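This report concerns only the one structure given below.
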Amino acid sequence: MPSSPITVGLVFGGRSGEHDVSIRSAATVVRGLRSGENTERYTVQPIYIDRDGRWWGTDLAEATLTSEVAPELTTPRPPSGFQGFPEGCDAIDLWYPVLHGPNGEDGTIQGLFQLTGKPFVGAGVLGSAVSMDKQAMKSAFSSAGLSQVPYVALHASELEDAKSRSALLDRIERELNYPCFVKPANLGSSVGISKVRSRQELEAGLEQAAALDPRLVVEQGVNAREVECAVLGRRTLEASVIGEVRFDADWYDYETKYTAGRSTTLIPAPLPDPVRDRIREQALQACAAVGVHGMSRVDFFYDETNDQLWINEINTLPGFTAQSMFPMLWAASGVTLEQLVHKLIQTAGE
């Protein structure tokens, strides 16, 4: 145990659509850092980023963590965006980002932390950026030989005129069958995703996604179980037990993910041991393919009728809310919340 506590700069909130989820995740992480032996190991210095990108120091950050909702900000306010670190940040020994979506898990803030010369929890710039962009991620998975559902990658510019739009719709319908899913390439938590069953719905879904991100992906829908594996470590990666998500909805959208009672998690997932082993092995392969270390949650589709396993995506800053798989998977693997956040900080220093 260190002679003096390590000061952890816990950064949360952010400009993405997952702002509220980040607050709830951060509150859980802080509980872990302020419990048991961690109270002697760490001093937590929270930093809140508001929806306009302003960085706020300890007083507002602590109040936000206590309420677990975004605060009402006073006026006049400082200019929006990053204007420098809040007072007292020079004492921070290590950064712990609890940020979801753009500017949080896409390599942006990881680059800022790297410039400070201090270690930080989670994946680095490259792994974060590749994992956040679904087009880049899918290319990396393909190069690693990992099976994926059929998909079409495209750019919003292909929707700009009637001729190219029609050609795009024709190409998607030629390569994929309905239903399919239209996704912005760089958003998380199912934000901006739509399930489409016709050409009219496809066109509307593309318009909706293109308003959020110029890079888009359309994926073939499959009738499969949704299973997940958590990964932890830096020099040596460990894979958790496997979990399964079952939900009371047509698909696993944002509301279903974050509304209590709308989804059910089965941990461990009721799967044959050989299938569990394949999932764990492919989760580690996925991390290697995109250059991810620290922590991640890797999501798969499994069709038990033909024993087909497809990798879906990797999340480099998975949620830590009450409904979040990552901490629950590790708890089922024998790692408590207190131990988990400690391990994550240890990996940052390796």
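Any Cβ shown, glycine's included, is placed from N, Cα and C.
Under the heading domain 'ATP-grasp', Swiss-Prot lists 138-346, citing sequence analysis as support. Sequence annotations record features per position, and here Swiss-Prot assigns ATP binding site to 173-228. What Swiss-Prot lists as Mg(2+) 1 binding site is D299, E313. Annotated Mg(2+) 2 binding site per Swiss-Prot: E313, N315, in sequence order.
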Top Cα neighbour of E313 (Mg(2+) 1 binding site) in the set of binding-site residues E173, C180, L187, E201: L187
Per-region confidence, the domain 'ATP-grasp' (138-346) (mean pLDDT, whole number): 93
Those binding-site residues listed as S194, Q208, N315, and which of them has the most Cβ atoms within 10 Å of its own Cβ: N315
Local Cβ density at E313 (Mg(2+) 1 binding site) - other Cβ atoms counted within 10 Å: 18
Number of other Cβ atoms within 10 Å of the Cβ of D299 (Mg(2+) 1 binding site) across all protein chains: 21
Binding-site residues near D299 (Mg(2+) 1 binding site) (Cα-Cα within 10 Å), from C180, L187, R215: none
